[in-house]
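These notes concern the structure reproduced below.
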Amino acid sequence: MVKVSNLGYPRLGEQREWKQAIEAFWAGNLEQKDLEKQLKQLRINHLKKQKEAGIDLIPVGDFSCYDHVLDLSFQFNVIPKRFDEYERNLDLYFAIARGDKDNVASSMKKWFNTNYHYIVPEWEVETKPHLQNNYLLDLYLEAREVVGDKAKPVITGPITYVSLSSGIVDFEATVQRLLPLYKQVFQDLIDAGATYIQIDEPIFVTDEGELLVDIAKSVYDFFAREVPQAHFIFQTYFESAVCLDKLSKLPVTGFGLDFIHGRAENLAAVKQGLFREKELFAGIVNGRNIWAVNLEETLALLEEIGPFVKRLTLQPSSSLLHVPVTTKYETHLDPVLKNGLSFADEKLKELELLASAFDGNKTKGYHEALSRFSALQAADFRHVALESLAEVKLERSPYKLRQALQAEKLQLPILPTTTIGSFPQSPEIRKKRLAWKRGNLSDSDYKDFIKTEIRRWIAIQEDLDLDVLVHGEFERVDMVEFFGQKLAGFTTTKLGWVQSYGSRAVKPPIIYGDVKHIQPLSLEETVYAQSLTKKPVKGMLTGPITITNWSFERDDISRSDLFNQIALAIKDEIQLLEQSGIAIIQVDEAALREGLPLRQQKQQAYLDDAVAAFKIATSSVKDETQIHTHMCYSKFDEIIDSIRALDADVISIETSRSHGDIIESFETAVYPLGIGLGVYDIHSPRIPTKEEIIVNIQRSLKCLSKEQFWVNPDCGLKTRREAETIAALEVLVSATKEVRQQLDN
């Protein structure tokens, strides 16, 4: 019989119990022993669920208190020297992730091309890796008590781990330093009864992976020689694996391949017979989107694969970390739509149905699922209606002309100060929103409350003497879901939460049909804010690429068509804002780079589509209307030509946690437009010093002119507390004024 495996399960819990427990601990409202007790119960619940769903190999080690990469750094003592004062305990673990009053947090980067963030391991001259504790063994022993020999340890492999690290001087030597530690972890697991061990090596779906194949042979020869009893699974995901003709010869029991995002290439490798002597762990249910699987199409794929492998195991294409837990609470949705959704729990059921069907037993549940899938495909809300683009202006006047007109209209000082858009959402704001959603607060009372918050924060910004203000986005849960509630073709879930970083969870909207602008999105709040001040207030919108990348997108049309549908809707809102007197409009593309394909050969087509969609949205404005955009953590040197091609008058970029690395992109490339490189890290509660911000501004001014540089935090301030926000912005404004004075002198 074919087996079913899982790569990873969501940490959050059905009701976000994980998030609530960790944040209660941070706030001092939960003792560590109680936190550990609650997290253990969550882990056990997750294990039991997967066992009951019929999963034969259940992941252990996918659960974390913050991030699985940080877990490995902590286990191997790869800890920055600045945290030496700490004992090796949970306080240190969270300090590395979040920073403290004296130390900046470690950098945070996107996990490949997802919206999950990992904590970057920092290697220094002083780093002395050793096995601080075998936490994976502890988790395995715990899991065996619940699921027996179904427990399958999961660990990020050494080559991927080092590839994701900073401060590496000698790559191969660093990998070699870790091998004895991995060996000990593996041997302890085998001694405790483990058989299969999943080693995640997703770096081998990237172009970089092609350069690491020889190192992989050395590493996995070592593992096979030193821990011969282990059944290692070399796991890849998010794309087709590179160099499979060579990797397939590694001395491992099985290979995990993604047949959703790398189907053609991986299938071709299988049909070449590369895995005839291997177990194949086939990722055939999408671990990153929420649509029910096409059972018949997938069964046909399995029948293609089957004859070419020694043994076949079915699994999701990636960890289910990237999807919500269950659809069972989404009773408000149209039944056809709800029945066409598949979150983590439903995906496990789909795998069971496929395994049974592949073994020759198409159950009643199989036929019912097939019927639900067909009903969604036939639904009348899916037409691919794309308005004609013939009348849409795609180019603006030259930047120098626009810059002069905007300078005359706005009358801003050099080094203008602003924020990215959102301000803290206090418990009171959340309480009012919840009361309104439950019908316990009238629409008018809720709007009045939002206006009160806008009025209060406009006054705070004026007191701080910021130059360009924002309304604060108090009406928004997040920068994508809010738009999903107002555009046709979107819907939102009640509990469709997904982890983004640490305890931060997002609830991506679902794009299920044709997207259209049917009502104002942010007009009322923005116009009200502008009526309270003579300073310019930015209109705040999210761009088409970010809306797509941070939504669960429909999978029945091309991404370029979807980008353009959303761009036309955003264009309509921009025109409303401009007609209402809003002189600066920010169209955030925070996730533009996040959606970049992992393979270079596929990247330019995506970037071309992204630039075209941004221009559809923004190019119809008058020359004196200033278009801003904002982008999050990224390697910008790789896409700087496309950033320039967006032709935004001002771009702000998250840079503080990269410790200046992004600035190097602009030291080697001419960037002619306005730009703000974030001068302090908003992801940490730590208040920056005036000297730090001055240094960041001065370094930026070495490669950017004072006429083009803006001063801003590196991201929105929604997750910070009010006192922290005001204190940090006071420092930002004071530092900027001092630099202005230096420039004047």
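The backbone N, Cα and C atoms fix where each Cβ goes, glycine too.
The following features are taken from Swiss-Prot:
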- His683: active site, proton donor (ACT_SITE)
- Arg16, Glu17, Trp18, Lys19, Lys110, Trp550, Glu594: 5-methyltetrahydropteroyltri-L-glutamate binding site (BINDING)
- Ile420, Gly421, Ser422, Glu473, Asp588: L-homocysteine binding site (BINDING)
- Ile420, Gly421, Ser422, Glu473, Asp588: L-methionine binding site (BINDING)
- His630, Cys632, Glu654, Cys715: Zn(2+) binding site (BINDING)
Quick one: pull the CA-CA distance for Ile420 (L-homocysteine binding site) versus Lys19 (5-methyltetrahydropteroyltri-L-glutamate binding site), whole Å only. 25
Around the Cβ of Glu17 (5-methyltetrahydropteroyltri-L-glutamate binding site), other Cβ atoms found within 10 Å total 16
Beyond Ile420, Gly421, Ser422, Glu473, Asp588, what residues of that chain have CB atoms within 8 A of the centre of the L-methionine site's CB atoms? Thr419, Val470, Met479, Met540, Gln586, His630, Gly716, Lys718
Largest pairwise Cα distance, Å, within the listed L-methionine binders Ile420, Gly421, Ser422, Glu473, Asp588? 13
Among Gly421, Glu654, His683, Cys715, these being the recorded positions, pick the one whose CA is nearest to that of Trp18 (5-methyltetrahydropteroyltri-L-glutamate binding site). His683
Look up Glu594 (5-methyltetrahydropteroyltri-L-glutamate binding site) in the DSSP assignment and report helix, strand or coil. helix
As a test of the contact definition, list every same-chain residue at least 6 positions from Arg16 (5-methyltetrahydropteroyltri-L-glutamate binding site) whose Cβ is closer than 8 Å to its Cβ. Leu495, Trp497, Ala505
Have a look at the binding-site residues Lys110, Cys632, Glu654, Cys715 and say which one has the shortest Cα distance to Gly421 (L-homocysteine binding site). Cys715
Binding-site residues (Cys632, Cys715), the one with most neighbouring Cβ atoms at 10 Å: Cys715
